[in-house]
Amino acid sequence: MKFALRLLSVITTFVMLIVLIGGALVTKTGSGLGCGRQWPLCHGRFFPEMNPASIIEWSHRMSTGVSTILVLALAVLCWKKISPVFRETKFLVIMSIIFLLLQALLGALAVVFGSNALVMALHFGISLISFASVLLLALLVFEATRSETKLVKPLHIGKKMQFHIYGLITYTYIVVYTGAYVRHTKSSLACSVFPFCSKDGALPAYFNQWVQMSHRAAALLLFVWIFVAMFHAMKHYKEQKQLYYGWIISAILITLQAISGVMSVYSQLALGYALAHSFFISCLFGVLCYFCLLIARFKYESKEPFK
C-alpha cells in the first residue's frame, strides 16, 4: 500500500505539471479554440480533427480529465491514510480539489462563452495553486510512509525569513499573473530587445509595450529579492538544510526563468523556451509553497519563539 500511494502521488504530480505546461502550450500556439466553442466535445466529436490546434486543445482537455481522476483518488487516500498523521493534509486536499475544478471550469467557460485577458490570466495562476497543493501532498505521502527521519522537519525559522517566504510567495503569484497577462494580450513580442523595449532605451510607446515592460520590471524585482533571501539563508541557516539548499535551488530556478524569458524574446517565441519559462516558474512556486509548509510546521510544533 505504501508503494502504491507513493507511486500515485508521483504520477499525479507529474500529470498536474503536464496540465500546467499544456495550458501554456495552448496559449502559445493559439489553440484555445482548436475544438471550436464546444466542450467537452471537439467540433461535435469525441476525437479531434487531425490538425495541430485541435490535437493540442483536445490533449489538454484529456490531461485535465485524467488529472481530475488522479487528484480525487489521491485526495481520498490521503484523507484516510495521511490526515491522521499530518494535520495539514486535509487543507491541502481541499485546496487541490477546489483549484483543480476552478481551473477546469474557467477553461470550459472561456471556450464556450469567450473571456477577456484579465480573467484568462487567472487560469494559469489557479492551476499553479492546484499543482503546488498536489506537490505538497506528495511530500507528505513520502514523509508519512517513511520510518526514518522526517522529510519535513520542524525548523527554527526567524521572523525575517518568514517575511521573505510569505512576501515572495505572494509577489511571485503577482508576477505569474503579469506573465500570463502578457501572453493573453499577445504582448510577448511587443518589445523586441532586452532589457529595454527599444535599442535607444525609449519609454514604451503603446499598451502592449507597457504590459511587457511592467512584467519585466516585476520579474527583475523578484529576481533580486530571491537572491537577497538566498544570501540570508546561506548566512543564518547553514545547519537547516531544507532552507539552505531550498533557497539555492530557488535562485537557480529564477535564473533559468530569466534566461528562458530573454531567449523567448530573441528567438521570436521559440516553443521550447516559452514552455521552459512556464516550467521553471511552476517549480519555483512549488519550492516557495514547501517553505510555507515548513513555517506552518514550525509554528505548530515549536513552543518557544525563535530568537
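Glycine residues also receive a Cβ, built from the backbone N, Cα and C atoms like all the rest.
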- Query: Any idea if LEU92 and LYS199 are on the same membrane side according to Swiss-Prot?
  - Reply: no
- Item | Spatial neighbours of the topological domain 'Extracellular' (264-274) far in sequence, C-beta under 8 Å, 6+ residues away | 24-25, 28-29, 188-189, 191-194
- Among the disulfide-bonded residues listed here, CYS35, CYS42, CYS191, CYS197, which has the most company in the form of other Cβ atoms within 10 Å of its Cβ? CYS35
- Item | For HIS215 (heme b binding site): intrachain residues, at least 6 apart, with Cβ closer than 8 Å | VAL175, THR178, GLY179, TYR181, VAL182
- Note on the structure: Going by C-beta under 8 A and a gap of 6 or more residues, the same-chain neighbours of HIS60 (heme o binding site) are VAL19, GLY22, GLY23, LEU25, VAL26, SER31
- Query: Against which stretches of its own chain does the topological domain 'Cytoplasmic' (87-92) lie, if we need a Cβ under 8 Å and a gap of at least six residues from its ends?
  - Reply: 78-79, 133, 136-137, 140, 293, 296-297, 300
- Query: Which residues of the same chain, at least 6 past either end of the transmembrane segment (275-295), have a Cβ under 8 Å from a Cβ in it?
  - Reply: 17, 20-21, 24-25, 28, 88, 124, 128, 131-133, 135-136, 139, 152, 154-155, 157, 162, 165-166, 168-169, 172-173, 176, 179, 242-243, 246, 249-250, 253-254, 256-257, 260-261, 264
